[in-house]
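K.L.:
Please read through the structure below; I'll follow up with questions.
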2 protein chains.
Amino acid sequence: MNGRCVITVGDLGEFGVVARITGRLPQGGAVLLGPGDDAAVVSAPDGRVVVTTDLLIEGRHFRRDWSSGYDIGRKAAAQNLSDVVAMGADPTGIVVGLGLPPEAATDWLDDLTDGFRDECDLVGASVVGGDITRCDLVVIAVTAMGDLGGREPVTRSGARPGDAVAVAGRLGHAAAGLALLHGGRTEPAELVDAHRRPEPPYARGPEAATLGATSMLDVSDGLFQDLGHVAKASRTGIALDPGAFAVHPLLEEAARLLGADPLEWMLSGGDDHALAATFPAGVRLPPAWTVVGQVIDGEGVQVTGRPMGRGGWDHFSK
Amino acid sequence: MNGRCVITVGDLGEFGVVARITGRLPQGGAVLLGPGDDAAVVSAPDGRVVVTTDLLIEGRHFRRDWSSGYDIGRKAAAQNLSDVVAMGADPTGIVVGLGLPPEAATDWLDDLTDGFRDECDLVGASVVGGDITRCDLVVIAVTAMGDLGGREPVTRSGARPGDAVAVAGRLGHAAAGLALLHGGRTEPAELVDAHRRPEPPYARGPEAATLGATSMLDVSDGLFQDLGHVAKASRTGIALDPGAFAVHPLLEEAARLLGADPLEWMLSGGDDHALAATFPAGVRLPPAWTVVGQVIDGEGVQVTGRPMGRGGWDHFSK
């Protein structure tokens, strides 16, 4: 190990690892009982709890040579917290199951832990508990909870013909960053960073609920595919206007470098965790939201004047 | 494949797998919004939610050649539901993250799903959501939630000198079953089954809270080691009376077959998910509880007249 002494997870043992992790995790006001018991206790003042879970596997969802432990922690927390705000709820806490190889360095584990902590901190949530076990691959299971604060949950099934379709947050940046990495490039750095670490527009979720959003979801598999879920659940069609998308100059630059189409990234790229929502016609939206289409009679998602493949991700497609 | 046509997870694809799983999962009364959206919504009438998570890895926590999919599902749910009742709460729902090899048979997945469902059904809980992804190993991440129904959570830190230490549920059966399997035996079948599928004494958790338990936990790493957590958190000692344990005749039989000590299994075997609790002296306990010792001044756990190794499990020990 190039002459340095690297302390590993295996050196600490299970209880040492747990103590090391929990020592780095402050507990926020919603946490009535934090890590260290059979279960945690979290405040749920609304009387309902929003809950979502994601499982991330090394080599499939992240690579330790492409992303730091810190970025992996941020991203794993972000994609779950984003699902909570996409219901219109405020995140309160997450629990984390970790599968770790014994040879993993404790420094790397510290970075991972800090990533979870800092992403939760953005929304006032805490890491309230977890489980660790030995595994040849790094496996990360995150479950996030949230409180609706008296609002009704915004589902995928409430879109109605005539509603405006709007998006908030970055679209296509993570996909462009991944394409750059696959092409052996690390610039533009902002896009590569966007792949490593999404920046979900957290505040926009509860905001949309308050504004009367009729449907909402977190864009995780690509806007085109994810809006397909809204169309199907709502039994409507959706028409997107390609001219309404504001293509970021960095996406234009990356597309030139790689000979790609920036709008393809925006329509089919996942991992940015933008929010897409439908609003009753005439609702005045704050500037963070961009109207990109309309709910229509019919079915499926169409992009005016543009043929589209199926796009998006299927984790078992061949 | 011996001439039969086996349908696999890879054949169905991600959305097909999700539809197949959710089609087998009825939703109970506490579920306000079930699978199919960004997140589920579960009732939390107490205004607090109890939450716990466990990560199970194939080859480490279960073997597909030793346990059926159904038993694996039952066990994965059970160990989390048991943590919820060990706080004195009633389980309401679980979410499940599944890593699946594409060549896994859908019949096996159906069995796994039914196992989750049936174990949850024992306590009136539901599988409210989840995530699936491709993985070379089967990985199962379960997060369980529960409602305290106005009771205070029973932690590990409230034991006081003079309290009685009592246990409910089976002890040592799963450890004996595992030892039998390692020894190439499948009898006594009841013990092998106990390894494959614990039967946590679910109703005893809320009961203990109502009876005024001062501390409680789920015995997952072995009674001796787990009571060590109570002693440490409560800053007390615990003295166990080996003569107070009722050794089941099947444990005696297995011990004879393998040349083992049945009390060793009862004191250091995990996986039965018994409950251990401390109660104020003089509390009259229902017959499901057996008093096996006393909380004392001092520290650590001692077994009167018996030297003890450290026992229990450390997932990173060498």
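Just so it is clear, glycine is given a Cβ too, placed from its N, Cα and C backbone atoms.
Annotation comment: TrEMBL describes A:D38, A:D83, A:D218 as Mg(2+) 3 binding site. Feature annotation from TrEMBL assigns Mg(2+) 4 binding site to A:D38, A:T52, A:D83. Among the features that TrEMBL reports, Mg(2+) 1 binding site is placed at A:T53, A:D54, A:D131. Residues or ranges marked as Mg(2+) 2 binding site by TrEMBL: A:D54, A:D83. Among the features that TrEMBL reports, substrate binding site is placed at A:H61, A:D271, A:W313. Taken from TrEMBL, the feature ATP binding site covers A:G130, A:D131, A:R156, A:S220. Positions annotated as Mg(2+) 5 binding site by TrEMBL: A:D221. The feature domain 'PurM-like N-terminal' is assigned by TrEMBL to A:36-146.
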K.L.:
Counting across all protein chains present, how many other Cβ atoms fall within 10 Å of the Cβ of A:D54 (Mg(2+) 1 binding site)?
P.N.:
23
K.L.:
Summarise the model confidence on the domain 'PurM-like N-terminal' (A:36-146) as a single mean pLDDT, whole number.
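P.N.:
Summarising the domain 'PurM-like N-terminal' (A:36-146) by its mean pLDDT gives 96.
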K.L.:
Do me a favour and check the Cα-Cα span between A:D218 (Mg(2+) 3 binding site) and A:D271 (substrate binding site); whole Å is fine.
P.N.:
10
K.L.:
Consider the binding-site residues A:D38, A:R156, A:S220, A:D221, A:D271 and say which one has the Cα lying nearest the Cα of A:D131 (Mg(2+) 1 binding site).
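P.N.:
Ranked by Cα distance from A:D131 (Mg(2+) 1 binding site), first place goes to A:D38.
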K.L.:
Drop a 10 Å sphere on every Cβ of the binding-site residues A:D83, A:D271 and tell me which sphere holds the fewest other Cβ atoms.
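P.N.:
Counting other Cβ atoms within 10 Å of each of the binding-site residues A:D83, A:D271, the minimum falls on A:D271.
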K.L.:
Work through the binding-site residues one by one (A:D38, A:T53, A:H61, A:D83, A:D221) and name whichever has its CA nearest to the CA of A:G130 (ATP binding site).
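P.N.:
Smallest Cα separation from A:G130 (ATP binding site) among A:D38, A:T53, A:H61, A:D83, A:D221: A:D38.
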K.L.:
Hey, how far is A:T53 (Mg(2+) 1 binding site) from A:D83 (Mg(2+) 3 binding site), Cα to Cα, in Å?
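P.N.:
Here the two Cα atoms lie 9 Å apart.
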K.L.:
Can you name the residues of this chain that are 6 or more positions from A:S220 (ATP binding site) yet have a C-beta less than 8 Å from its C-beta?
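P.N.:
The list for A:S220 (ATP binding site) reads A:Q79, A:S82, A:D83, A:D226, A:G270, A:D271, A:H273, given in order along the sequence.
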K.L.:
Out of A:T52, A:T53, which of the binding-site residues has the smallest number of neighbouring Cβ atoms within 10 Å?
P.N.:
A:T53
K.L.:
Would you count the other CB atoms within 10 A of the CB of A:G130 (ATP binding site), including those on all shown protein chains?
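P.N.:
Excluding its own Cβ, A:G130 (ATP binding site) sees 26 Cβ atoms within 10 Å.
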K.L.:
Could you tell me which of the binding-site residues A:T53, A:R156, A:D221, A:D271 sit with their CB under 8 A from some CB of chain B, listed in sequence order (or 'none')?
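P.N.:
The binding-site residues close to chain B are A:T53, A:R156.
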K.L.:
Of A:H61, A:R156, the binding-site residues given in the record, which has the fewest other CB atoms within 10 A of its CB?
P.N.:
A:H61
K.L.:
Determine the most Cβ-crowded residue among the binding-site residues A:D38, A:D131, using a 10 Å radius around each Cβ and all protein chains in the structure.
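P.N.:
Checking each of A:D38, A:D131, the winner is A:D38.
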K.L.:
Validating a neighbour-count step here. Other CB atoms within 10 A of the CB of A:D218 (Mg(2+) 3 binding site): how many?
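P.N.:
There are 30 of them.
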K.L.:
For A:D54 (Mg(2+) 1 binding site) and A:D38 (Mg(2+) 3 binding site), determine the Cα separation and express it in whole Å.
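P.N.:
Between the alpha carbons of A:D54 (Mg(2+) 1 binding site) and A:D38 (Mg(2+) 3 binding site) there are 22 Å.
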K.L.:
Using DSSP, break the domain 'PurM-like N-terminal' (A:36-146) down into helix, strand and coil residues and give each count.
P.N.:
34 helix, 45 strand, 32 coil
